[in-house]
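Below is one structure, written out as C-alpha cells; comments come after it.
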C-alpha cells in the first residue's frame, strides 16, 4: 500500500504535469538541404504533442520556382506551415545575398512576435539562417543551433560560427565540432553531441526494397545499380569565378567519361546563375547521358546516392551522408575544406584541369568503401528532444561565455619551433642550371649552381642529383619541402609538366616530360612553366604584382619575354604560347629575329640585339668615345653600348633610342590588347628601359592607357622565385 506521503506526491506530480506548459518550438527552414536535417526533428516534436507545440516557418529558396518550390514537400509531410516569408532578392550575386538577409530581417520580427516561441531551431550556415538567428537574438528568443562547430573552408564557416555565437544551445554532430564550440568559449553544459539528424532517417531507410524503382524513375529503365553518377556542385561565394571554372571543367570531364549522370541544379548562392548558364551552354539538359533536376525528395535522394557508382561535386552530402553508404565521392575545390571525411572521399583541391577530374573519376567510379558513421548513429532526434525537455525557461536569457584562464606567457619565436615550409625551385637557363631552397616569404635559404649540360641525359641526371643534394640539406636547414617548381625557357604545357619546344639556348629540350622523373625521384608534386610566366608569378607573390589583378611583366635580358596576369590568373593561351612578348612585331622590314621573322621587339631591344649592334659599331671604330677604354681582349656587350651612349656617343645613342622605341611601341600594343593596370620591367636592362618606355607610352598610347605605370622589378631571382611560388601557392592548398 502507498503511504499517505507517497500518495500526496503522486497527486502533486499529476497536477504539475496537467498544468505544465508545453515547450513552444519554432523550426525555421530555408532550403531543401536544411530541411533534410530539420525534418526528423520536426517529426520527433510532432509525435510528442504532450511535451511540445510545433510552429513551422518557411523562407528562402523553398518558395522559388527555379529551385523547385520545395515548400510543397513540407506540406506533403503533413506539417502546417505557420508562415511563408518571401525573403530572396533575385540576382544570385553577393549584393543579392546581402539584400536577402536585410529583407528577412525586415519581415521576421512580425512573425516571431506573433508566434512568440520559447525556442527557435535553426540549422547550419546559410545566410538565411544568419538572419533568423540575428532576429531571434535581438528579440530575446532562445536559439538552438543544429550542426554548429564544423569547418568547411568558405564564407559558410564565418556564417556558421556567427550563428553559434548568437545561439544559446547547440546540437552538434561530431566530437571535433563539440571541441570547436568549447574552444569558441561556448558553455559546455549547453552543447549536445547528438549526431546528424538526417542520419536517423538515412540509416533507417538504408536498404529499401524499391531502390531500383527510384533509380529508374530518375535515370531511365536501362540504368543499373552502381552504373551512374550523382553530381551536385554549388558556388563558393568567396571565389565565384573559380567556382564557375571548376563547374565547367567538371561538366567537361563528365561528358568525356560517358556515364549516365543525375545532376542537380546548384543552390541559390551568388554565382549560381552563371553556373546554370555554363550548364545550358554545354547542352547538359538535352544531353542523352544527363538528367538535370531542381529537386529530389530526400528519402529518394539518399537511395540514389547510396547506389551510385560515384558522387561528384562539393555538396556537404558527399562528405557527410555518402560516407554512411561507402559511396565513392570526388570532392572538388575548397567548399568542404576542413570537413571530417571518411576514406570514401577523394579530394581534388586544385582542380585546375579537366584531365585531373577525369582521372579522379577513373579512380573512384564503381568502388565501394567501408561505411562510416562519423556524423551520426541514427539516434540524434531522441537526444535532441530530451535535450529540449531539459531547457529551463526560468534561467536567465543572457548568454554567458566560458573564457579560458589567461596566463602570462613567455614569448617564443615560432621559427625556432616549427619547420619552415619551403619549395625546391629549379631554373633551367641557357648557360647555368640553378636549384634553390626558397622559404614562404621568398627568402632563398640555399642556392646551387652548375653549368647546364648540353645533352638531355646529362641534364636530367644533374637536375636529379642537385635536387637530391638540396633535399638532404633541407633537413639540417629545418626546411620542409612541399614540392618542386621548374622554370625553363621555351613553350611549356604546365598542365602536363612537359616542355613542348625550347629556345635555341637549351639544346635537346623539346617534348620533355619534366614532371614525371622529378616526381618519381623525389616523391613530391612538381609544377613546370615558362620562365617568363614564372617571372610574372614571382611578381604576383613577392613583388610589385601583389594584390594587383591585371599586370604584365616584360623581361629584358638576353632575349625578351614575359607573362600576363589577367583577373589574378596567368594567361597561357590555347597552345601555351601566350605572352611571347619578345615576338610582337613593330616593323615589317626590321632586323631578322631568332624566331625567323623580322621586326620583332627582341630583334631591336634584347641583350643579344644590342650586343650585335655594339660589335658592329666597334668593328667600324664608332663605339669608343672619350672617357671609355675597351681592352683589346675584352668581349663587346650591350653594357659597352649603354656606357658609350651615356658618355655622348651619338651612334650608340641612336641604336639605343631605336631599341627603346621598339620596346615602348610593343608595350603600347600590349596595353591596347589586354589593358593591364601595371607594367613591370624585369631583367638586366630593365632599369635602362624604364624611363624611355614610360615616355613612349605617354606619347603614343590611347588616352585611356597613357597613365599606366611602368616600374622596375626589385626581385633579384625572378625565375627561381616564380618557380617556388607555384609550389607555395598550390602545395599549401593540399594541407588539410
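Any Cβ shown, glycine's included, is placed from N, Cα and C.
The domain 'UDP-N-acetylglucosamine 2-epimerase' (50-388) scores a mean pLDDT of 89 in the predicted structure. Feature annotation from TrEMBL assigns domain 'UDP-N-acetylglucosamine 2-epimerase' to 50-388.
Feature annotation from TrEMBL assigns N-acyl-D-mannosamine binding site to 491, 503, 531, 580, 583, 602.
What TrEMBL lists as active site is 531.
The annotation Zn(2+) binding site is assigned in TrEMBL to 583, 593, 595, 600. If you draw a 10 Å sphere around the CB of residue 583 (N-acyl-D-mannosamine binding site), it holds 20 other CB atoms from the protein chains shown.
Cβ proximity to the N-acyl-D-mannosamine site centre (mean Cβ of 491, 503, 531, 580, 583, 602, cutoff 8 Å) flags the following additional same-chain residues: 489, 490, 530, 532, 559, 560, 561, 582, 595. Those residues of the chain, other than 583, 593, 595, 600, with a C-beta within 8 angstroms of the mean position of the Zn(2+) site C-beta atoms are 582, 585, 594, 596, 597, 601, 602, 603. Closest in space to residue 600 (Zn(2+) binding site), of the binding-site residues given as 491, 503, 531, 580, is 580, taking the CA atom of each residue. There are 15 other Cβ atoms within 10 Å of the Cβ belonging to residue 595 (Zn(2+) binding site). Sparsest Cβ environment among the binding-site residues 593, 600 (other Cβ atoms counted within 10 Å): 593. Taking Cβ-Cβ distances under 8 Å and a sequence separation of 6 or more, the neighbours of residue 531 (N-acyl-D-mannosamine binding site) in its chain are 427, 428, 487, 488, 489, 555, 561, 719, 722.
Take the binding-site residues 580, 602: by the count of other Cβ atoms within 10 Å of each Cβ, the lowest one is 580. Summarising the environment of residue 503 (N-acyl-D-mannosamine binding site), the number of other Cβ atoms within 10 Å of its Cβ, over all protein chains shown, is 20.
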